[in-house]
Amino acid sequence: NPYILATLLFGLGLGTTITFASSHWLLAWMGLEINTLAIIPLMAQHHHPRAVEATTKYFLTQATAAAMLLFASTTNAWLTGQWDVQQMSHPFPLTLITLALALKIGLAPMHTWLPEVLQGLDLTTGLVLSTWQKLAPFALLLQIQNVNPTILVTLGLASTLVGGWGGLNQTQLRKVLAYSSIAHLGWMILILQYSPSLTLLALLTYFVMTFSTFLVFKLNKSTSINALAISWTKAPILTSLTPLVLLSLGGLPPLTGFMPKWLILQELAKQDLAPLATLAALSALLSLYFYLRISYAMTLTMSPNNLTGVTPWRFSSPQLTLPLAIATTATISLL
């Protein structure tokens, strides 16, 4: 029903906007809660047992995170007597809130729900979950000052490593994208303390790259690496573009995904954190391996294959092609 869909999408936007605009912890919490409640019907809309399972898992983790956030902010008000987001001073609620927000966006070691949930959704809702749902918690993470840097660095490094290791033995594209999301978020959290603008840049480029990847998979109707092998017959042009999009997501120069990583490594080196930068760069190699594997699956089965059937050269869904064209161009040519 279009009216219900419009209401839910409006709720999705409203929740994020409320969190953006709030300087009071209760309002921020309310925004996150509206956000969660709005996406749950969208996730369960297909009434497939797998979708319902994913929705339940998502609901439980988000409710836990929201409860932690509420508990931490009331504790903060109890200890320091104020509710302002930007003036957190006591270390206990600060740490608790950081961990709650990390659970909300799926940072390691609180990441295990993300691949499971993403695998149960269709690609459109998965795209919303991977991009839009990260905005509100990130706004709060950017606003809270004087967090213990050790916590953020530990979370960030753990996420880049887990995002690399976890994606290695996956055959399902949505799980691969979930682990890629964990790894990218790790990079953003690493630099959060030292250069918030770089975090925002990394978030923006991650959104563009993820958008184009999800759209490509949606047009190919492919959800596993095997399905990509026959995507040549469905959309030849797309199949030649996809490896580039994937390698950009992995962060190879001269593609867009290389830029944030390069700048983050540079900033970490400026902060005298060369060992940390080295570890982060090495963990990016892990992610690169599974992007390369998907690229191989696509390129090795390209033109000289003898699949039967007429090649549908034109795209089936015209409303997707313009956003796809814009997103892939932005993903491939370093912005």
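Every residue, even glycine, has its Cβ placed from backbone N, Cα and C.
Over in TrEMBL, the protein carries these features:
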DOMAIN    22-286  domain 'NADH:quinone oxidoreductase/Mrp antiporter transmembrane'
DOMAIN    288-335  domain 'NADH dehydrogenase subunit 2 C-terminal'
TRANSMEM  59-79  transmembrane segment
TRANSMEM  91-114  transmembrane segment
TRANSMEM  150-169  transmembrane segment
TRANSMEM  176-194  transmembrane segment
TRANSMEM  200-217  transmembrane segment
TRANSMEM  229-253  transmembrane segment
TRANSMEM  273-292  transmembrane segment
In contact by Cβ distance (the transmembrane segment (91-114), the transmembrane segment (176-194); 3 or more pairs under 8 Å): yes
Among 59-79, 91-114, 200-217, 229-253, stretch most in contact with the transmembrane segment (150-169) (C-beta, under 8 angstroms): 91-114
Reported mean pLDDT - the domain 'NADH dehydrogenase subunit 2 C-terminal' (288-335): 75
The transmembrane segment (91-114) versus listed stretches 59-79, 200-217, 229-253: most Cβ pairs under 8 Å: 59-79
